[in-house]
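Below is one structure; the comments refer to it alone.
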Amino acid sequence: MPVITLPDGSKREFAQPVSTLDVAADIGPGLAKACIAGRVNGELKDACDIIDTDSELSIITAKDEEGVEILRHSCAHLLGHAFKQLWPEAKMAIGPVIDNGFYYDIDLDHKLTQEDIDALQKRMTQLAKTNYAVDKRVVSWQEARDTFEARGESYKIEILDENISKDATPALYHHEEYVDMCRGPHVPNMKFCQNFKLMSVAGAYWRGNSDNKMLQRIYGTAWADKKALKVHLNRLEEAAKRDHRKIGKQLDLYHMQEEAPGMVFWHNDGWSLFLELEKFIRQKLGQYTYQEVKGPLMMDRVLWERSGHWDKYADGMFTTNSESREYAIKPMNCPGHVQIFNQGLKSYRDLPLRMAEFGCCHRNEPSGSLHGLMRVRGFTQDDAHVFCTEEQVQQEVSACIQMVYDTYETFGFKNIVVKLSTRPEKRIGDDDMWDRAEEALKQALKSNDIEFEILPGEGAFYGPKIEFTLHDCLDRAWQCGTVQLDYALPGRLGATYVAEDNSRQTPVMIHRAILGSLERFLGILIEEYAGKFPTWLAPQQVVVMNITDKQSDYAEEVVNLFKEHGIRATKDLRNEKIGFKIREHTLRRVPYLLVVGDQEMENKEVAVRTREGVDLGKMQIQEFATKLKNQISLRSLNLLED
């Protein structure tokens, strides 16, 4: 007679074993109708799974995040069901849940078209509307293998042979005539899988190995109701408009090409953005008393072996040979900074020593993962390392945290999620070192009243880290900043200082990045602002346009005056109608569009309008220049107002 304890502490006693669905029905018909699955003693279970001992139970519905994940997973099975009806010869591989949706990898000789995807969406909808029940059957390993062998599902057989113990009892989910294998849980009925949309098709190697066959991966999204689906699709539509690759081309910021995969060719305006961002960070470095250094692009393999990177990260490094020596192009700056620290005797009085670099790094990312500025092979880190004593750690980490928040606020990012990543399975150093490192970061966060989540096992191999994830205007998460303690690397590379008692001690090293990669952060900013950069950051801050040739010299004079004030100004003296010029530069997202005609020339004025179409009227040149300089110096996010 199991006693079921519900989340509110109430208990229900049953005369025989029950399922989550039975308990939901006992509470009320509405809950039974909404029940997707259950969390039994902390473990997710199918609604039909039997509970035969006293247990704690939470009933999962589509209102729960877990419920939405489950229905997304079941939509992948629905996809498989529909796909096998349309293409019986297909072989199904895997169909997991991903952020906001699901995908299924499928082996089919026929290359899928948009018409095929539309037909698949239609068939999935037809099947889901029948509200058929999903039948879960737990079977022996051999029975599962026999089932898929009879159906010619070679990928399922491979999974069984290579990944599942012969002593296991796999769960087979029957969707009418279609059968899939999964840990579950899944929805009990397809009535929960009504709000989905297939999004795209891409290639994917089986098991992510390029030596294996290329499969076709179908992506989909699924939500609990029509409203949530619509909101998501609208957000995707807005994200597509803001795609930094598209805007980068429109605004002539940069390009990438096949001969240099993952490497950025910065054009004039894009490089202006890059330099302005670098200038801003450099000013922050001055405020927080950092030295700026520059290390070599590549160093001998021996150094990377001593640092531990060769053993842990060799596959991600580009290498080259010269005069019988093997060199690695640096994927990160830290070993080089330790070399600079090691030049000359250091005393405890020299600590903390804060060392920063705009380091040009390279990582051998898989070609399939490259994505515009967001995932590249060559990038610039706004990297810094603080060498300090153990007693200085909390104060220095707190200063790093404050610098991160100061920086993000300038760009308008206020929703920041903080996570503490702890020791991974593969790591250097002993447990005592990791205990001290993790505790120091926790205390620094707590002393700053910052809420944080712990990510077990997600730290770097040389130390735990704090990760700062900012959320943009579309509520997308971008992990950018890190503050990471390292008790191991300085010792491995021989860094020491003379302590107050004249003993030689190893400094603690704090790794710190705010933007992470300048390239990636610029990609984020392009999408956050949709190319409408704040005036201080904009490549072109002002464009001066004449109405007729009579004002050409005056327009030149205005532009030169702005340049003397350090304002990035350009001119448009083409023999085009002024309306045409205004439209063109509005599309170029130039913050201020200045028109000069006979009257403006006579009165030494400019007619000012913003890229948003707001008419600010006529102003004296010096007056506007002063207002603009003030706005730029404050790094305001807003344009001048009427």
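Positions of Cβ are set from backbone N, Cα and C atoms, glycine also.
Taken from Swiss-Prot, the feature domain 'TGS' covers 1-61. Feature annotation from Swiss-Prot assigns region 'Catalytic' to 243-534; the stated evidence is sequence analysis. Swiss-Prot lists Cys334, His385, His511 with the feature Zn(2+) binding site, giving sequence analysis as the kind of evidence.
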Fewest other CB within 10 angstroms, which one of the binding-site residues His385, His511?
His511
DSSP says what for the domain 'TGS' (1-61): how many helix, strand, coil residues?
14 helix, 24 strand, 23 coil
Which residues, same chain and not among Cys334, His385, His511, have a CB within 8 angstroms of the centroid of the CB atoms at the recorded Zn(2+) site?
Met332, Asn333, His337, Asp383, Ala384, Gln484, Asp486, Leu489, Met509, Ile510, Arg512
Segment confidence, the domain 'TGS' (1-61), expressed as mean pLDDT:
94
Would you count the other CB atoms within 10 A of the CB of Cys334 (Zn(2+) binding site), including those on all shown protein chains?
24
What kind of secondary structure is His511 (Zn(2+) binding site) part of, going by DSSP in three states?
strand
